[in-house]
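The structure appears below as structure tokens.
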């Protein structure tokens, strides 16, 4: 880092920017040290082993459903549902390895990350890292978080950005109806119509040949296991039904913690405040934990991105105390309310855009 050193601040200069909360930052660092002393950054390897095994068993069960019961409508759709569960749960598991939260060394995390996202899902690890690390650095910051790049081409997001868009008289879509067309171009379309082709474009453009090899191993496996049972048309039908179901699952879960929260340009506030204003939680339950891959604890995940997910509930009370001390609202809600808030927030920001577009 010495080559990047420009100089030292003069003694009379402030060492902390006025836009950032020094007290909150210092106290969070103390909390982080406490969490490490408590051993909450260490993973229970049996937890992740059983999690991987349950994914693999469901994958085998999907194929056995067709092999034993035939390819009529009921076994076909049961197989599709099982494979959708496999894909969604593998998505949450690759997220753990991508965050280096399972093993003590990055080598094993990277290897298992390639296996789960590449061989079990058919997607590139490098693409996920490229997108997701930006998201964690500046969540809900326009032009810095790729997860909100749908603004303004498809959606008007957040109160500030929506009003700004209206004042500029920009109308790429009828945003006042976005809470309706979200059901058409959001959850059902993201994976089968966008990610499915874009991931191949990404790896070829960036020459990520290792990722491409892992991805092709996935497509070869599913092709040669399901083609003999279903034929080409049946296989393609099954594949896109699975991607459709997985896409709905993925979008609702990943957006419930962020879209209803504060979305704005980067205002250069401190890191802790940036994470807290962009995230909310969904109440804990055995089903919610499994269904969302513990991303119902989105606040804790963003504050401690390398923490193993099974420890989120242990650190949550400490985070709540920190938020209460500094007057920061710690939001947690039921699962269905979190889903509904996505639609309500889109409706609100669409109306704000329309009012600014017509009257400002």
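Don't overthink the numbers, they just go from 1 along the chain as shown.
Cβ atoms are placed via backbone N, Cα and C, with glycine included.
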Given the ranges 135-157, 158-180, 181-203, which one is assigned the annotation transmembrane segment in TrEMBL?
181-203
Taking 18-36, 75-93 as the choices, which stretch does TrEMBL tie to transmembrane segment?
75-93
Range annotated as transmembrane segment - as stated in TrEMBL, picked from 223-245, 246-268:
223-245
Where TrEMBL places transmembrane segment among the ranges 46-69, 94-117:
46-69
Against which stretches of its own chain does the transmembrane segment (46-69) lie, if we need a Cβ under 8 Å and a gap of at least six residues from its ends?
75-76, 78-79, 82-83, 85-86, 89-90, 93, 96, 102, 116, 120, 225-226, 229-230, 308, 310
